[in-house]
Amino acid sequence: MKLDGYTRLAAVVANPIKHSISPFIHNRAFEATATNGAYVAWEIEASDLAETVANIRRYQMFGINLSMPYKEQVIPYLDKLSDEARLIGAVNTVVNENGNLIGYNTDGKGFFKCLPSFTISGKKMTLLGAGGAAKSILAQAILDGVSQISVFVRSVSMEKTRPYLDKLQEQTGFKVDLCALEYVSELQARIAESDLLVNATSVGMDGQSSPVPENIVLPETLLVADIIYQPFETPFLKWARSQGNPAVNGLGMLLYQAAEAFQLWTGKEMPTEEIWQSLTEKYQ
């Protein structure tokens, strides 16, 4: 990697963040595209967020990525938000356009780009969970022309989830159906008519649990996706593959959301195939 007086910085800002694989992805991309850039991880306290954002301008950085807990907290310090960031109410990428700081959310785009030979336009989706990742997938699906979305959460989370879906409907005119995960017959009915089933919960990270009962029958053509990438194959994906369904883990989402950010910063396409090879070797 070339480092000199012209090197521009990008960083991921969160707490904790030292475990992040974003520096691995972006520094590979800078090198592969002959871009004079360097990408680092900044673990900061909330009291340092305003100063950190000011440093994007001060040091003429490409921009920053954000992870928890700063995706929402960063918004007041930005000049403008993209459509999807406004809908989601969270930013994972800040782009420095000649001193104007623009907030984007590339998670949803990254998710749909990682799905093999699949477009969401005109399709039906069942989504498990309603956290940050789920919101970005939801908003992007609506922007991309999805025809129906069924969101399943635990019954104790229904009340907390509804206001966001109501706000989404106000902003887009699109009504998302909210259902309780405990109603297995409803879950089966919605999955039976879906083209895409997504686990956007953390259930399965332990390598043992699954977000849905194993007696659910999947339609043959259903594509199944999990946002988890460690373990590389969750029990949920293993179960889907055992029924003969195509299944995708969350590593592709991580790579393609990074590729979207990289393009916004540099105007260049990230060599995703080359980096995917390195990532799978690292995490499989």
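Note that Cβ sites are derived from N, Cα and C of the backbone, with glycine treated the same way.
Listed in Swiss-Prot for this protein:
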type     : residues                                                      : note
ACT_SITE : Lys71                                                         : active site, proton acceptor
BINDING  : Ser20, Ile21, Ser22, Ser67, Asn92, Asp107, Tyr229             : shikimate binding site
BINDING  : Asp83, Gly129, Ala130, Gly131, Gly132, Ala133, Ile227, Gly250 : NADP(+) binding site
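Around Asp83 (NADP(+) binding site), the same-chain residues at least 6 positions away in sequence with a Cβ under 8 Å from its Cβ are Leu143.
Proximity to Gly132 (NADP(+) binding site), judged by a C-alpha distance within 10 Å, picks out Lys71 from the recorded positions Ser20, Ser22, Lys71. Neighbour counts of Cβ atoms within 10 Å were compared across the binding-site residues Gly131, Gly132; the minimum falls on Gly131. For Ala130 (NADP(+) binding site), the nearest neighbour among the binding-site residues Ile21, Asn92, Asp107, judged by Cα separation, is Asp107. In space, Asp107 is the closest of the recorded positions Ser20, Lys71, Asn92, Asp107 to Ile227 (NADP(+) binding site), judged by Cα positions.
Each residue contributes its Cα atom, and for the residue listed as 'active site, proton acceptor' and Asn92 (shikimate binding site) these two points are 6 Å apart. Separating the Cα atoms of Asn92 (shikimate binding site) and Ala133 (NADP(+) binding site) is a whole-number distance of 11 Å. Sequence-distant contacts of Ile21 (shikimate binding site), defined as residues of its own chain at least six apart whose C-beta falls under 8 angstroms from its C-beta, comprise Leu254, Leu279, Lys282. The record assigns Asp83, Gly129, Ala130, Gly131, Gly132, Ala133, Ile227, Gly250 to the NADP(+) binding site, and the maximum Cα to Cα distance across that set is 24 Å.
Rounded to the nearest whole angstrom, the C-alpha distance between Ser67 (shikimate binding site) and Ala133 (NADP(+) binding site) is 11. Gly129 (NADP(+) binding site) and Ser22 (shikimate binding site) have their C-alpha atoms 24 Å apart, to the nearest angstrom. Taking the Cα atom of each, Gly250 (NADP(+) binding site) and Ser20 (shikimate binding site) are about 14 angstrom apart. Residue environment of Asn92 (shikimate binding site) contains 28 other Cβ atoms, counted within 10 Å of its Cβ in all protein chains. For the pair Ser22 (shikimate binding site) and Ala133 (NADP(+) binding site), the C-alpha distance works out to 17 angstrom.
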